[in-house]
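These features come from TrEMBL:
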DOMAIN    15-182  domain 'Era-type G'
REGION    23-30  region 'G1'
BINDING   23-30, 70-74, 132-135  GTP binding site
REGION    49-53  region 'G2'
REGION    70-73  region 'G3'
REGION    132-135  region 'G4'
DOMAIN    213-290  domain 'KH type-2'
Ligand SMILES: Nc1nc2c(ncn2[C@@H]2O[C@H](COP(=O)(O)OP(=O)(O)OP(=O)(O)O)[C@@H](O)[C@H]2O)c(=O)[nH]1
């Protein structure tokens with residue numbers, strides 16, 4: 001039990017962390033995110049071609065900010081370029097503070113679940129097993145499933161929930177809040193609801209850059225969404241900055257007469273507009289930021305793993 005904090009005591013320390021949600025398609029990830037966050041989350045991950053960790057939702061519970069991320073594209077990429085990117089998708093799991101592995105109670109440990117278990121064997125962060133859809137499966141079957149899963153992988157905790165009815169979801173949220181590391185909130189509270197879309201938009205632009213320039217740029221550039229403004233006519237104005245390390249790279253991103261950045265912007269704008277369902281005005285800026293590569297926080301913010309020595 002947690003002790004009551006006296007009113008004159010120092011402010012309660014906050015906690016904040018990234019929780020990666022991993023599970024086969026249809027296991028109920030979106031439903032669980034909605035249940036954990038408590039409101040409809042707008043991102044439809046299926047439409048998104050990117051393979052990197054995406055913020056699905058952010059929730060505050062017991063002075064903890066829990067940032068729920070998932071890694072679309074973890075499964076069977078068809079194109080070669082996608083395959084090349086998929087290895088980075090698992091960085092989402094390595095980079096998170098906690099990993100939630102979702103199992104569909106009805107489907108049990110199928111081929112996809114086995115593949116996930118195998119991949120996760122080398123991920124060192126605490127892993128939590130979440131068996132979802134308990135509303136449609138007998139207790140007996142659930143217990144057997146929990147046991148079988150725990151024999152395959154060492155889970156710190158096992159939860160049985162129904163994302164649909166909300167059964168067990170509060171307990172899971174409280175546990176995640178208790179397990180994320182101590183630290184300040186990563187997102188100001190007034191940006192929490194926009195953060196997933198801002199992050200997704202940045203990720204889309206980053207991916208367009210990668211697709212057009214992966215042979216010329218020796219690393220994955222970073223993109224940040226600076227402003228996200230809904231205009232009176234319901235269209236959205238987005239300003240983003242692409243950060244590169246050197247002037248020569250800035251020239252590559254701009255291209256002759258700005259042709260490359262124009263094309264990147266057009267592709268990104270189209271995809272973002274499809275997802276948000278309204279016209280988008282996208283403004284891209286390219287800036288040289290020396291030494292950003294030395295800052296581990298920057299890497300983390302971008303969902304990248306800080307390169308080890
Ligand atoms: N009975 C039951 N059905 C659920 C539960 N959670 C999710 N579902 C259903 O399972 C299906 C898949 O749920 P989603 O949340 O879309 O699954 P997802 O894992 O996000 O799917 P992808 O986007 O393909 O990764 C939907 O039809 C949900 O209504 C649950 O707790 N119980």
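Just so it is clear, glycine is given a Cβ too, placed from its N, Cα and C backbone atoms.
Remember, TrEMBL labels are computer predictions, not curated facts.
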Mapped DSSP class for residue 26 (GTP binding site), helix or strand or coil
coil
So residue 23 (GTP binding site), by the Cβ count within 10 Å over all chains shown, scores 21
Should we count any of the binding-site residues 26, 29, 134 as near ligand 1, judged by a CB under 6 A from one of its atoms, and which?
26, 29
Of 26, 29, 134 (the binding-site residues), the residue whose Cβ has the fewest other Cβ atoms within 10 Å:
26
On the region 'G1' (23-30), the mean of the pLDDT values is 87
Residue 134 (GTP binding site) - helix vs strand vs coil (DSSP):
helix
